[in-house]
């Protein structure tokens, strides 16, 4: 179906969404599209205005990467994250056991206090990808953290035999990694309690594409599922989940929906620990080729996210998208012609379904997640569907099949 909308409808939807305003309501609105692209240079350097507000896309003032509607902290931007550089150089001790945690938390608190207003209520994403907090998750190039932990144990416990030293390395790493991640989230939430705090790419799924796999199902790897269950403490400490649904470069389009669906279903599974909103990260361009996502790619990422009941998506891109006037115009045209109209269609359909089926107190989600043709889309003439394939996931404070009953106490769903 076509999703192109007229200018009047675009403006009307933008006004009803309250675009560009602070967002304490993100967990309690049917679907949000957020902008995490450093596109400020398009306007300030090249005079190219990107009409994000008019397209219903939530962005920071001035379209800056960090701001009061959403922010992301990379490894060198919050506290003293320990990691090894490309040449093996240890930063902040290299491993969690070697980090002075109190110094890290003090610096993180200072940075949060000075970068986010007290009323901050948007997504706040920590992008720490160098190591996994579980020992078994550090394979491939991450084995360096196991080796460094063993060397640490040999130095700290020289009188133990090698097997006991290995045990100290394993337990010491996991305990320190947990303390680092948990305590960072606790400090952040104490300072900015309305923010949606969580780690990018968590939970993982392990359903990446391998070209030799002829029977690809999209299901998450069993070992990854087991590790996610072990990470119950991380979900309990988070206030939102930010899984990645970046499309793998060589994944055939026929498998896109299965890839995205299973990643989101795993996020919904672990989200039950704290009834957390799920905001999926979508990359605007294909890795390697740099091509913008096609209309069908948007359906299989943004559209599937909305249909499964995600709270929204975070659109991500790098500085190359605003590196020249030409690149800014390419981004502008893509926004106006493709991304913006589709985002408006899905956002408005999700809002209408919420009011039609859930009394405006919940979001619609597929009854059967595998029903691949069920989407929250408007018809080409802008009319609404009946959405019989969808049921309600109620917001905090509401219950019942159509979220019609006020409810006090713990969150029923988000």
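Note: Cβ is positioned from N, Cα and C throughout, glycine not excepted.
In summary, of the candidate residues 69, 345, the record from Swiss-Prot lists N-linked glycosylation site for 69, whereas the others have no such entry there. In the three-state DSSP classification, residue 403 (disulfide bond) falls within coil. You'll find the Cα of residue 392 (disulfide bond) roughly 34 Å from the Cα of residue 129 (active site, proton donor). For the pair residue 129 (active site, proton donor) and residue 353 (disulfide bond), the C-alpha distance works out to 37 angstrom. Spacing of residue 394 (disulfide bond) relative to residue 220 (disulfide bond) is 27 Å (Cα to Cα, whole number). The DSSP secondary structure for residue 358 (disulfide bond) is helix. Set side by side, the disulfide-bonded residues 205, 220 differ in how many other CB atoms lie within 10 angstroms of their CB, and the most is found at 205.
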